[in-house]
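Q: If you scroll down you'll find the structure; I have some questions about it.
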Amino acid sequence: MDKQMLIEEAKKAREMAYVPYSKFKVGAALLSEDGTVFGGCNIENAAYSMCNCAERTALFKAYSEGHKAYKAIAVVADTNRPVPPCGACRQVISELCDPNMQVILTNLDGKIQELTVSELLPGAFSPEDLNE
Ligand SMILES: O=c1ccn([C@H]2C[C@H](O)[C@@H](CO)O2)c(=O)[nH]1
């Protein structure tokens, strides 16, 4: 699975978005270590704070099905720049993904920004911080 194929999977997932409030569709595709791809879209709610971002949908799908190691995540939205994940998603990605995992941010114009998980959220609060 190459980068462009993963982006295409993210675009497919984006079409499933439930966004009656923001009208802003986001798609994500998470490539697990064994090659399985988990798509995710944002899913909103009339109680706005219950909205779930595409990135977390994909990650929670994968993790809850026993896929705990990943190679890459691609995220796509109709933004001017490659879509920047929100702070909550950066925190969740930092906890569940390897610091060196590839993060591919893109938009519908094909602009791409590639970075690692540790670059996505430098100094993330981590499980080690809970140790006394
Ligand atoms: O990286 C992002 C940024 C935003 N959203 C969603 C949350 C909300 O449904 C909508 C507008 O913020 O976009 C995502 O899914 N991923």
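Glycine residues also receive a Cβ, built from the backbone N, Cα and C atoms like all the rest.
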Q: TrEMBL has Cys86, Cys89 binding Zn(2+). Which one of Cys51, Cys53 is in the same site?
A: Cys53
Q: Under DSSP, is Ile43 (substrate binding site) helix, strand or coil?
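A: In the DSSP reduction, Ile43 (substrate binding site) maps to strand.
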Q: Can you tell me which of the recorded positions Cys53, Glu55, Cys86, Cys89 is spatially closest to Asn45 (substrate binding site)? Compare CA atoms only.
A: Cys53
Q: Are any of the binding-site residues Asn42, Glu44, Asn45, Cys53, Cys86 near ligand 1, with a Cβ under 6 Å from it, and if so which?
A: Asn42, Glu44, Cys53, Cys86
Q: Among all chains shown, work out which of the recorded positions Glu44, Glu55 has the most CB atoms within 10 A of its CB.
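A: Counting every other Cβ within 10 Å of each candidate, the maximum falls on Glu55.
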Q: Which ones in the same chain are close to Ala46 (substrate binding site), with CB under 8 Å and 6+ residues apart in sequence?
A: Tyr21
